[in-house]
Amino acid sequence: MTDPTSIKHQTTLTSGTSADFTQAGEPFALFAEWFAEASKSEPNDPNAMALSTVDADGLPDVRMVLMKGYDADGFVFYSHKASQKGQELAANPKAALLFHWKSLRRQVRIRGLVTPVTDAEADAYFATRPKQAQLGAWASKQSQPLESRFAFEQAIAKVATQYIIGEVPRPPGWSGWRITPVRMEFWHDRPFRLHDRIEFRREAAGQPWTKVRMYP
């Protein structure tokens, strides 16, 4: 095991804009700016985000998912309703997200309420997925035990015979969720761990944001 005391402390600031992000007055515009920069600098998946939910016993779960859209209403991702995350969100529609862009030494933390996307939204996104991914969505019983990789490949092949010609429809148990933030925190690395942290807070969607500077 690596001795954490042997790791050299980072004392220089690397990538990122020189603009003072602490002057931002609204979080979504700032997120858009940071995400655009991350899209240019991250080696892969700048839209990857850690999604945290809580089960019936209050035990948290976290996993990486891909953000598939965002706007002033929130951040959207897709998955199976019967998955562990889907069941936990159905029982407790609150979640936290974390974007970590290592190339920029930045992270964005988000907390908020979760609502399902509309069928029209889910259909539109599903239609953009590669056909093999669409077939996989039909074949997968996400979060359930799987006998073997071969069994999964057989299930995909079986589904494929049903959709040799034409479009693959969205499975009824596959959809998306939108996380509408009530908290958005922007963190940027600074030398000697004297980082910058700005949090935007509001009581509910549609309410005005309050900006607070936080100790690192």
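Including glycine, each Cβ sits where the backbone N, Cα and C put it.
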Worksheet item: R63, M64, V65, L66, M67, K68, Y78, S79, K85, Q142, S143, W187, R197 bind FMN according to Swiss-Prot; which of Q107, Q162 goes with them?
Response: Q107
Worksheet entry | substrate binding residues K68, Y125, R129, R193, L194, H195: largest Cα-Cα distance, in Å and rounded to whole number | 43
Worksheet item: Looking only at R63, K68, K85, H195, the binding-site residues on record, which one has the least crowded Cβ, with the fewest other Cβ atoms within 10 Å?
Response: R63
Response to the item:
Cβ neighbour count within 10 Å, max among the binding-site residues R129, R193, goes to R129
